[in-house]
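Asks: Starting off with a structure, shown below.
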Ligand SMILES: Cc1cc2nc3c(=O)[nH]c(=O)nc-3n(C[C@H](O)[C@H](O)[C@H](O)COP(=O)(O)OP(=O)(O)OC[C@H]3O[C@@H](n4cnc5c(N)ncnc54)[C@H](O)[C@@H]3O)c2cc1C
Ligand SMILES: Cc1cc2nc3c(=O)[nH]c(=O)nc-3n(C[C@H](O)[C@H](O)[C@H](O)COP(=O)(O)O)c2cc1C
Ligand code: FES
């Protein structure tokens with residue numbers, strides 16, 4: 001059995017009722033499948049698609065409000081995919097409108113081809129990827145990908161990258177009015193500084209954010225790397241320069257070797273480790289960052305279940321991103337969002353804060 | 001010391017001697033095991049290098065598909081059959097009416113591997129759809145896969161019991177396609193790659209295309225696909241390492257001789273479809289060039305999403321450094337294979 005049903009009691013595929021198919025967006029579907037059942041199991045509030053949560057609460061229980069503010073943007077639920085671990089292809093596989101937002105793969109200023117094969121692997125410590133962030137540049141993104149994100153009917157957070165601090169603002173400017181917010185991926189080698197990560201250098205973070213702040217009024221999220229001398233200093237630098245949130249964190253630099261040949265598995269030799277094993281490392285960073293800044297901290301690292309999300313909320317996170325877990329379970333993020341609501345309902349509370357107060361008291 | 005014990009100690013070696021002897025045996029075993037592991041490493045390296053070299057410049061994305069690609073779904077599929085096939089492989093039949101109904105020849109699934117013995121597998125594993133059996137009035141549609149147990153993921157997969165469920169996502173990718181007017185086909189599969197091309201044999205059967213399949217493998221006992229070919233009316237050519245018939249040059253020569261055009265039966269096939277190794281794809285492309293017929297080759301790549309958004313599965317196609325090459329999961333796994341003009 002796949003342990004996927006812990007948070008939402010979806011019926012077995014075989015127990016699918018005929019009306020499960022009604023929610024199935026693909027007209028060609030001739031048979032009920034687990035995906036169709038999952039769509040059909042959406043909480044009642046889904047009928048009011050774009051509105052803020054006004055789900056049918058049971059009489060006598062408070063309505064659950066999971067909404068979270070990132071600057072001027074309000075997300076219906078504090079769960080979203082991690083950059084690079086989501087694509088519009090998932091629109092037909094999961095009810096994306098149940099997520100707070102989507103996050104795009106990082107868009108760079110110029111076109112990039114990506115790294116040589118192999119680009120990813122799995123070792124006992126987790127997933128390691130060195131995709132190398134292929135990108136068509138902002139114009140290519142707007143022409144081919146953005147319309148598909150926009151069609152998903154949830155806010156699109158566009159991830160933006162650069163090889164020097166000066167490269168970010170022009171990309172954001174070129175993206176113009178598109179997207180609901182920008183996530184600045186500063187876990188990129190700084191070519192002005194011998195390849196040290198931009199995000200490990202508070203001065204460089206300040207420079208990036210200040211420049212982007214000048215070209216957009218939309219919310220700015222700064223996605224920080226794991227390997228930094230002081231995550232508090234990095235988060236504060238982002239906040240002081242005008243960021244609306246920080247995302248903690250990116251994958252952890254790692255080097256997987258083939259057990260038999262002792263050669264690097266990845267074409268790029270090194271890659272980023274992700275998945276459940278990085279959660280304790282990121283949990284510490286989220287805790288430290290949350291104590292350092294007033295702006296929301298979005299936690300990203302190894303979230304698989306609603307309890308992983310609640311762990312992050314309990315150390316100060318305001319929202320979570322789900323990355324690697326989506327590959328094996330495309331519905332993982334939706335399941336976490338549903339699970340948070342369910343937990344609040346079960347506890348008879350109206351918010352995650354109240355739920356956590358109840359749990360630690 | 002009793003009389004018995006002293007007698008025994010005269011006839012048998014002392015525990016110390018035994019230990020020493022055992023130590024010597026262990027030492028020999030260990031050396032042998034070490035030697036074998038180094039040999040396996042050298043083979044793995046040589047195979048990877050030969051594959052990369054063979055595929056260099058060979059494949060390109062196929063022209064636009066005529067049949068619309070089915071919408072992938074994920075399903076919790078009941079495991080109906082899960083049994084060993086020979087020494088090296090396992091057969092897995094799961095129930096999913098949607099996927100059995102929609103899957104095209106040469107498409108694949110991503111199988112989410114449940115945790116096993118405390119080991120959690122994060123990434124789903126790509127597996128070719130070997131056979132599709134659409135639903136009938138009294139049983140659900142099924143898909144069959146055959147896989148080799150090669151690492152952590154497939155080891156954990158092998159532990160899933162009949163009656164359990166597996167989460168599968170599919171059907172995925174761009175499969176094999178017969179142009180209209182195709183009258184005959186040569187399919188070439190090696191090892192589990194035989195499963196990659198079997199879907200094309202199913203289609204050929206439905207549309208009345210005369211089909212021959214090369215079943216290649218290490219030994220005759222381990223060859224997959226004989227029963228499937230018999231069921232589908234496919235002529236078989238066996239090629240195995242143990243008698244040398246799978247050697248690339250030998251195989252190429254025997255296929256050229258077999259389809260030398262001497263009789264109508266020996267007319268060259270209208271299309272070649274291949275799955276199993278880069279070197280076989282190149283062999284097929286050489287035959288294709290010789291006969292002047294198109295070649296479709298199914299490739300593998302490490303994958304995470306299988307849907308085209310993680311960009312993890314770059315295909316072996318060289319492009320301008322600023323342009324991303326095709327993705328095996330979305331633009332393939334089936335590509336055109338053509339010998340590059342130098
Ligand atoms: C489109 C496609 C169809 C396939 N069809 C079949 C099939 O029908 N039967 C079969 O036995 N095998 C098939 N494979 C190969 C199969 O996916 C791998 O053998 C399997 O992923 C190995 O997993 P593992 O954990 O046991 O090995 P490990 O070596 O422990 O895996 C480590 C990582 O590398 C990846 N990996 C290792 N080898 C391969 C490989 N050859 N191809 C892709 N990823 C790999 C794994 O997915 C995993 O992420 C297919 C691969 C692709 C891409
Ligand atoms: C295949 C893959 C691609 C990724 N691409 C990006 C990217 O383009 N930009 C980015 O900021 N992070 C990228 N990441 C990092 C993730 O967004 C996330 O920070 C990391 O995987 C940790 O979260 P997880 O453990 O939930 O996966 C990628 C991760 C993976 C696995
Ligand atoms: S496996 Fe994700 S893009 Fe191909």
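We number each residue from 1, going along the chain as drawn.
Glycine is no exception: its Cβ is also placed from the backbone N, Cα and C atoms.
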Asks: Can you match one of A:185, A:190 to the substrate site that TrEMBL gives for A:105, A:129, A:130, A:131, A:132, A:133, A:250, A:251?
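Replies: Of A:185, A:190, A:185 joins A:105, A:129, A:130, A:131, A:132, A:133, A:250, A:251 in the substrate site that TrEMBL records.
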Asks: In TrEMBL, the residues A:83, A:105, A:106, A:185, A:223, A:301, A:302, A:323, A:324 are said to bind FMN. Which of A:275, A:348, A:350 is said to bind at that same site?
Replies: A:275
Asks: Quick one: Cα separation, residue A:323 (FMN binding site) versus residue A:185 (substrate binding site), in Å?
Replies: 15
Asks: Go through the recorded positions A:105, A:188, A:323 for me and flag any whose C-beta is under 8 angstroms from a C-beta on chain B.
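Replies: Near chain B, the qualifying recorded positions are A:105.
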Asks: Using Cα coordinates, what distance in whole Å links residue A:251 (substrate binding site) and residue A:301 (FMN binding site)?
Replies: 7
Asks: Which recorded positions, if any, among A:106, A:130, A:132, A:188 have a Cβ under 6 Å from ligand 2, given in order along the chain?
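Replies: So the answer is A:106.
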Asks: With the cut-off set at 10 Å between Cβ atoms, which of these binding-site residues ends up with the most neighbours? Options: A:132, A:301.
Replies: A:301
Asks: Roughly how many Å lie between the Cα atoms of residue A:188 (active site, nucleophile) and residue A:106 (FMN binding site), rounded to a whole value?
Replies: 11
Asks: I'd like to confirm something. Which of the binding-site residues, A:130, A:132, A:185, has a Cα closest to the Cα of residue A:106 (FMN binding site)?
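Replies: Closest candidate to residue A:106 (FMN binding site), judged by Cα separation, is A:185.
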